[in-house]
Amino acid sequence: MVSMDRRRISLFLSVLTVMNVLVSASDPLFYESFDESFEGKWIVSEKEEYKGVWKHEKSKDHEDYGLLVSEPARKYAIVKELSEAIDPKDGSVVLQYEVRLQNGLECGGAYLKYLRPQEAGWKSKEFDNEAPYSIMFGPDKCGATNKVHFIYKHKNPKSGEYVEHHLKYPPSVPSDKLTHVYTAIIKPDNELRILVDGEEKKKANLLTDDFEPALIPPKTIPDPDDKKPEDWDERAKIPDPDAKKPEDWDEDAPMEIEDTEAEKPEGWLDDEPEEIDDPEATKPDDWDDEEDGEWEAPKIANPKCEEAPGCGEWKRPMKRNPDYKGKWYAPMIDNPNYKGIWKPQQIPNPDYFELERPNLEPIAAIGIEIWTMQDGILFDNVLISSDEKLAEEYREKTWKGKFNVEKEKEKEEDVDSIPGELSGFQKKVFDVLYGISDLPFLSAYKLKLVDLIEQGEKKPNLTIGILVSVLVVISTTLFKVLFGKKKPQEVKPLEKKEEPKQDESPSEKEKEGSSENAAEKEKSGSENEIEGEEGAAPRQRRSRRET
């Protein structure tokens, strides 16, 4: 009897344990719906530069509340301390939240910072951009920047310094004014997945070169003390030392000579000028001879020359000199001493280390610290979970219904849209174009592409032209990638116009520099504003022929 009771108790405890695990797995680690006011729960930074006012407001056309950025051109900072720190190393971590850019986003951020414990050296009321975070995640757009950031800070086990590791080629930010939900899923096997509206947009590995810089340093590095030998020859081709200039090669012969067979056309008016003073022009009433100089009538084409084959002094035309050969150069041959491009030898990297998984810092608070030129940014339904299925349930419950309503309304507005506004289709086109501009092989053209796309967003009637321009850039770049740069060729005498240095090889002439988008978030200021009367430039002197 006692044995039976013990079995029942043991079975009951086992069931209770399983139920507890299931319940705990289905509970979010943190969730903020903003159904109630944030005051008293979220702490607004008291730092002087953060003057932006946060408000508890409804999303446009919804009864759902969120945390609103209420003023344009302001810095904002607010933080929520978690009741208990969340350790990303304990298992899977899902970061998710909604953002609606109700007035669009031309320049500003809408990302979250998942902050380390305050022992790392920060205070909630003094929260600013220097507060140490573990992960930064979310949309950011300004100038050439248009991305959904994912950055994690990691303590280098060798140096002890914290290093930011940025996700390469992140997804772009949707360019509409709808509610979007952003999800980052971090798995124990180091896999990272970025979802936008539940759709996977990026997959990466936290340990690899999917991040810049990569977390794990290279095992070997070029030896900084290794020097190229003086006799190392990197020239693949050299002038043939046995070649000799032909005896009949005249380097001084001109490229063009006078055509001696040409004859002056009949009816040519030698004494008539090609231009004459305009007989109908009169001196302007406000012309000042002392300041503007002596007035002269503007020139017009001589009407007599229109009927004749030509006017003025006739000269024989020039023609190509059949004897021209230009500067002689010896033909290029394979260099027998060629050793290839020299590279320093590889040595073990003293900073190398190995990790099976990043040592992500605990998350003790969630902060929003942004600078934006647009108001109307609404944050909502901030979630941290260990279960991606739970995150999916929250998307279905809190986001999908709102998004569908907004999407239907957008379609209705597209039907009634006035010229100059973006249609839903055009917005999708520009989203795709922003994604294309982030492709690695187009990095040298990113600034120009983004500028073109932004022009198209402001002037929807240019959409087709923008598409054509982007396709031209892509096709040109692909052609270069597939077929390479122009190969050095032997100099053809008749095509040679300039005399290069004797020690300059064709390969050196063909070297080209490469440019890359290095500065994000650049905006030209208003430095060229029109000066007032006091600082005005002196009156510009007009041409005497100007009417």
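Each residue, glycine too, has its Cβ placed from N, Cα and C.
Features as listed in TrEMBL:
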- 222-247: compositional bias 'Basic and acidic residues' (COMPBIAS)
- 248-261: compositional bias 'Acidic residues' (COMPBIAS)
- 268-279: compositional bias 'Acidic residues' (COMPBIAS)
- 286-295: compositional bias 'Acidic residues' (COMPBIAS)
- 490-526: compositional bias 'Basic and acidic residues' (COMPBIAS)
- CYS107-CYS142: disulfide bond (DISULFID)
- 208-297: region 'Disordered' (REGION)
- 490-547: region 'Disordered' (REGION)
- 1-25: signal peptide (SIGNAL)
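Note on CYS107 (disulfide bond): other Cβ atoms within 10 Å of its Cβ, all shown chains, come to 16. Take the CB of CYS142 (disulfide bond) and look out to 10 A: across all protein chains shown you find 18 other CB atoms. Across the compositional bias 'Acidic residues' (286-295), the DSSP tally of helix, strand and coil residues reads 4 helix, 0 strand, 6 coil. Note: the region 'Disordered' (208-297) comprises 4 helix, 16 strand, 70 coil (DSSP; helix = H, G, I, strand = E, B).
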